[in-house]
Amino acid sequence: MFLEMLNPMQYNVTIMVPETVTVSAMPLLLIMGLLLLIWNCESSSSIPGPGYCLGIGPLISHGRFLWMGIGSACNYYNKMYGEFMRVWISGEETLIISKSSSMFHVMKHSHYISRFGSKRGLQCIGMHENGIIFNNNPSLWRTIRPFFMKALTGPGLVRMVEVCVESIKQHLDRLGEVTDTSGYVDVLTLMRHIMLDTSNMLFLGIPLDESAIVKKIQGYFNAWQALLIKPNIFFKISWLYRKYERSVKDLKDEIAVLVEKKRHKVSTAEKLEDCMDFATDLIFAERRGDLTKENVNQCILEMLIAAPDTMSVTLYFMLLLVAEYPEVEAAILKEIHTVVGDRDIKIEDIQNLKVVENFINESMRYQPVVDLVMRRALEDDVIDGYPVKKGTNIILNIGRMHRLEYFPKPNEFTLENFEKNVPYRYFQPFGFGPRGCAGKYIAMVMMKVVLVTLLRRFQVKTLQKRCIENIPKKNDLSLHPNEDRHLVEIIFSPRNSDKYLQQ
């Protein structure tokens, strides 16, 4: 009787055994599943790079870009994992490439013409599917690019020489406006004013307040750089991005007023040929329905900010190098005397200024301003044996490539690096291919014009032991001097041009 009473309990215990085993095995099975998931994530890509680690890897890599800046983070990861490696930005797989053959492949093919960046960030600065610089709508970009190419080549390039020379001379005559009580010249401000004035005369032709707009351009650039790869959560907290939004609005409102003045000028012109330029072509395209008002305003904004944003800093670095290397300055001046003499530079002189060109190239190689290019793959591909999926982000680390391959003295500033013709696959300061810089030819000519005109009139000096290496820099979207800190002081000493050039 007693044993019979125990039987149900015995049966119940027997039934409970598999349930107990199943429950106790669950944590083990979960751990095994997670390990399998991690293993799959780690082994799914043959491209070197940090591990996925349950999503922690993407968070850390994106955080590093936000903390260090895009350019500095790219150099860090290429140094850590090699010249073709993979990280994540905003959770998206991103390749960082500093290998010339891979870079050549990306620049060459049309399925890499799209850019990448935060959609919210690009919308905030007006570049999302608009303008030319970061327009990631290939169809609209193809519609807009010909307007830039027409303005930046051919007759526009020829006219630029005379316009730029006059602008430089006028600003040098007013050098006191950018010189402090100690005699130091604010070269960055001087160059930004010259670049803006020249761009305005060539592409818009409406009187403007240079000082006010230069400051607004700096605010716009800071917003662009700050917002480009910010995560979406950043834009859910309005007080975090409000100051950037204001900076963008300040410049866009200013440009809108200038464009309206241009529209009025075009509408009331007695002779239309007197006001034909880049802005006029865009306004006519809007009237035909090819572009919107927003397209026109953004294109003009980007045309006006391009030179003050990058070329002014490039020229600032070049003048520091001239001051640091007197033997290079002597070679440049000798060539100026031989080719140009005591007259203003002309378009015919440009191709004969070989030493000046080598100096410009070596300066851009040794101390670049724009040292990376951001692209997105529009279709599946294979680059140097590595599979690349459609939608993959790509950063071309051009500045690092210029220090790794081909050049005999890659870590030194010397014109010897350009004594021989450099194959263009190894030197790409402006990029090439279907999405290469539209302004690369006019930029080279403009830099020659500025250097020749300025160096014939002034000798550039810095304080002893102050040089380009001493400048605090920020390597983010581009490499700029940190203007929040004290920059290297530069003195412009007038010289007897004829006597000096003949030495």
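Any Cβ shown, glycine's included, is placed from N, Cα and C.
For Met374 (substrate binding site), the Cβ neighbour count at a 10 Å cut-off comes to 20, with all displayed protein chains included. Here Swiss-Prot flags Asp309, Met374 as substrate binding site, drawing on similarity to another entry.
According to Swiss-Prot, the heme binding site annotation covers Cys437, on the basis of similarity to another entry. Listed in sequence order, Phe430, Gly431, Ala443 are the same-chain residues six or more apart from Cys437 (heme binding site) with CB atoms under 8 A from its CB.
If you look up Swiss-Prot, you'll see 21-41 marked as transmembrane segment.
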DSSP-derived class (H/G/I helix, E/B strand, else coil) of Met374 (substrate binding site): strand
